[in-house]
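The next block holds one structure in the form of structure tokens; read it before the comments.
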Amino acid sequence: MNIQLICETENPEKFTALCTQYGLVHDPESYLALVQTYDEQGQVRLELRKLDEAKLGAVFVDFVAGAMAHRRKFGGGRGEAVAKAVGIKSGYLPTVIDATAGLGRDAFVLASIGCRVRLVERHPVVRLLLQDGLQRAYADSEIGEMLQQNMQLLPVSHIAQLNPALDCVDVVYLDPMYPHKPKSALVKKEMRVFQHLVGADLDADNLLEPALALANKRVVVKRPDYAPFLAQQSPHFSRETKNHRFDIYLTG
């Protein structure tokens, strides 16, 4: 993939090696840039910037502070919609594969509750952002040990590469990117950056079959309320929220 590669830190060697490993090629004409920089505490982090719309800000993964820390401490916990959708109950914490991990937010909610979550991410830039955020979180004194136990990024880029006989879990969770309505305003500025990078998930339908093969209990698909069923396959039932629904396919 071609993207601007910018290093603002003193030691670019690791950044260069990571980019090479993930097939990223520096393109000085690209408006999207993967940047290795310093955060407010002086720690090295990776972030994504849209250079022609700097006001949108950078996209990065931070499980320790900011919105994710607030959600962990003051969010709904087991009452969150994603927790109900995967079937969390008193005394039952399913094992989960998040096959479209993205920035890891839903997976982090489940991991914070106590689920063991394995992550798969197909886009190389998003995978690097997620890997970087996890590594920084693993080193945190408050949540590092919990996340090392409960959130693991798998060394595959698609769940079709997993073996149902060896890698099965209770729940497979899917949240593929879906185009916004043409006239709708994007709620979050960072989503404009993220969607410009990833675009619509045109092969999302190909996720359902391997997901069903890996899930012992259910497959959960998060969709906008206006989106059709994944792979045109009707779920056993759905859970609806204000703007989304969770389509649930039972497997056992």
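Positions of Cβ are set from backbone N, Cα and C atoms, glycine also.
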Residue from ASP27, ASP39, ASP52, ASP175 that Swiss-Prot also lists as binding S-adenosyl-L-methionine with ARG105, ASP106, GLU121, ARG122: ASP175
Cβ neighbours within the same chain of GLU121 (S-adenosyl-L-methionine binding site) - under 8 Å, at least six residues apart: THR100, ALA101, GLY102, ARG127, LEU130, LEU153, SER157
Cβ-Cβ distance under 8 Å to ARG105 (S-adenosyl-L-methionine binding site), same chain, at least six residues away: MET68, ARG71
